[in-house]
Amino acid sequence: MKTLLLTLVVVTIVCLDLGYTLTCCNQQSSQPKTTTDCADDSCYKKTWKDHRGTRIERGCGCPQVKPGIKLECCKTNECNN
């Protein structure tokens with residue numbers, strides 16, 4: 001009986017994929033690579049130019065951006081590096 005209960009618990013965890021998170025890069029511009037675990041199902045990379053040169057922002061999700069900002073969204077671990 002205990003074996004059956006344990007089997008059901010394991011099957012439930014595997015089937016529900018509890019706790020899955022996507023790992024996205026979150027370093028800014030040319031900073032050393034850093035990552036964060038995200039509950040969102042996508043990562044983003046925003047690129048734009050200003051008086052300091054080309055700027056890059058990375059993070060979780062897929063935000064809306066203003067005109068003139070290049071946005072790349074993706075759905076695999078560290079895909080926004």
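Glycine residues also receive a Cβ, built from the backbone N, Cα and C atoms like all the rest.
Owing to the predicted nature of the structure, the values given are computational and were not obtained by experimental measurement.
What Swiss-Prot says about this protein:
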type	residues	note
SIGNAL	1-21	signal peptide
DISULFID	CYS24-CYS43	disulfide bond
DISULFID	CYS38-CYS60	disulfide bond
DISULFID	CYS62-CYS73	disulfide bond
DISULFID	CYS74-CYS79	disulfide bond
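Feature map: annotations from Swiss-Prot on the structure.
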residue	record	Cβ contacts under 8 Å, 6 or more apart
CYS24	disulfide bond	THR35, THR36, CYS38, ASP40, CYS43, TYR44, ARG58, GLY59, CYS60, ASN77, GLU78, CYS79, ASN80
CYS62	disulfide bond	ASP40, SER42, TYR44, LEU71, CYS73
CYS74	disulfide bond	SER42, CYS43, TYR44, LYS45, ASN80
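Among the listed disulfide-bonded residues, namely CYS43, CYS73, the Cβ with the most fellow Cβ atoms inside 10 Å is that of CYS43. Counted within 10 Å of its Cβ, the other Cβ atoms near CYS60 (disulfide bond) come to 21, all protein chains included. In the three-state DSSP classification, CYS24 (disulfide bond) falls within a strand.
Using a 10 Å Cβ-Cβ cutoff, CYS38 (disulfide bond) registers 17 neighbours.
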